[in-house]
């Protein structure tokens, strides 16, 4: 249309010149004069669209992050602050969309009215030049001017589509113009070592947490003034980098990389494989490489697909990898074995099962060099020992293995060790050589290694739990061929129901806007019909009045027609604005308050599609579809009325044609979800129908989505502070995750006294985490009760319950923002308290207190991946805490629990991803800071 419309306009103007002579140039000049205005308006529309898309992207990015961490939000009852944050993004987005819709309405009104106004001008000039208007000239010229309406009406829409395409291309340019790494892994088969790093300098492209812009601009609240300015003022953060790295990994041997939490061990591995930018030096490999990351990446697919990862299925090698990773027992427990779907992000798997799939994938590849980033931390002790023995000592014998680990007791069995401190390699050698050096590693290994050996001697052997394993296997087998883990997408067939249109009108304040809209349509069509009639009156000189009178009335009707078009467009713009704003607000609120079962059975991408594509359709497409449909409908109605007045018998033909049309339209509407072309009027109605499908899906979320029990029950608020003591009593608790699934807690009863420290242990799938699920009411009990300090938790609001508990989860997920917003998103506490929590969680301690001394002052200190990090409360946190190591995220979770100061603390394998010195410090902190609290510690051993 962008190139056809100008051609149509030129042809029509040539014919007008033939018909009206030079008088047609008046209308032509009017078009020319309006072109710069139209161009300026289109640029404004493009700018508004670009600005709205910026906030659309921010909203979608935040929502995706929240959906991925919904369990953390439920644990801490953080729905309100994050709903407000999404609402703020949406408000800014919708403001630009509102301006865009209104300006577009005015622009469309001008574009549609240009032919009418141009015809008025041309007829006036034609009459003043001494020519008499006759029917042939009037209606031929009027037809030509009307033919100009469609190209002029669609030209702005075409430019709008071009603007959208340009915005999309501009956003893709960042990808198109991104640097291409031509050589991420250089292979040199002539080397006598497996991996060689010579003079390597590496850096991350983005800086680690840094002071937020608000801090720099001086936006400091009264609570923030309480923070220790001296400490925060010393924060001088830089992009984390590693300098002058030199290392050689022996071929065919097992090499370990150790060091305190956040010192750069993961960065060193990513530097090797090319994920961290190399600014100097060389990295060479003698063979192919496989990488097993610390955080297991699981697809929404079967276990087999996750392991083969697109490679051909080789049965013998596949099942050997399964056995080596100790997955065979787990597969026996699953209803479909290795063909079981694991759900979004492996939601149906435990942390240990995910990590073993991760390991299995790496060894199935059969690469010459296998790199493992602390894969054993998520495994049970006996399973971890078996995997280490099978994978690292036997199955991969002859392969080069690089292992990052905090398990000191494994180090005597490795061939070579590198110690990393603050981004530099501090020590290297065999285990015996490092012990003989009597350095920091030696002192650390002797202290913590001895403790581990003692723990290993006391550990109950694996055979002692075989009976439990068989019982658990029997329980799991009871889950026969159930329905798929992921719910099928709701899909309505046929035409969109009238209830959807009614709900859309209600959300768009239809009770006010609809009457005004109908009035505008009637006024618009009335002015169009009267313009045609008035031309007849003018040509016939129906009344003996001066020509100027006829000209003036005709010009006034043209102006009224333009106003009517604008009025109609404005009503549709307001309807779209109010409806989109309200539907998004209600839908996102219900999603945030949906139970965890919804997120466990609904793919994240499906939810994101609702709040990205469907919302965009409602924002930018539905209003135009409705406007064009009703404008076309009003034109048809106006034409029928006009002809019927002149020729009443025409109504008989209209009735016959209308019946045929309605039949065709209804037939087409039923399949309008897949088809999009069947005549002009039918096409407009079908386009509305297609776009209303987005409304239908959003309304499903806004009205039919299952909700958690009430978060606030004002008449049942427990007495503050609650819980004051921390007593927990479980009475015959029975829990099912879904009605069709088996019981995971079977009549469990226990009594925990205030201040007691209780350990909860058991094999994978035994129900340890289900106790936590029951306490937080992530799933409502099937029967039984849980009482905290004499209050039945089923009788209080979820917000009161969840804010009365604190948890340090196994997966320490953080959200984008700052450390302050992650510790205290409500802003309930002053900065002194937050800063004190950071210090007591060792996130801001003096680096000289670390046992691993080594790197000099030239070592980069400020990384998100250094031990001390030198954080401030305004340090930025990237999506999912991606600029922090897993260990550092665990420390932030510890600090968060300290800030809450609740009487009940739940530890869910909280120290699995930290080194033993940090583990000891955390345990000491828990022993001192939470000595008067009730602690439930979920552990593997």
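Any Cβ shown, glycine's included, is placed from N, Cα and C.
Please treat TrEMBL annotations as automatic predictions, because they have not gone through curation.
According to TrEMBL, the feature transmembrane segment maps to residues 636-663, out of the candidate ranges 636-663, 664-691, 692-719. Ranges compared are 209-228, 229-248, 249-268, and TrEMBL records region 'Disordered' for 209-228. Transmembrane segment is the annotation TrEMBL gives to one range among 437-461, 462-486, 487-511, 512-536, and that range is 512-536. Segment annotation: TrEMBL labels transmembrane segment over residues 106-126 (candidates 85-105, 106-126, 169-189). Between the listed ranges 138-159, 270-291, TrEMBL ties the annotation transmembrane segment to 138-159. TrEMBL assigns the feature transmembrane segment to residues 556-580, out of the candidate ranges 406-430, 556-580, 581-605, 606-630. Recorded stretches compared: 2-164, 516-677, 728-940; the one with the most Cβ pairs under 8 Å to the domain 'ABC transporter' (227-447) is 728-940.
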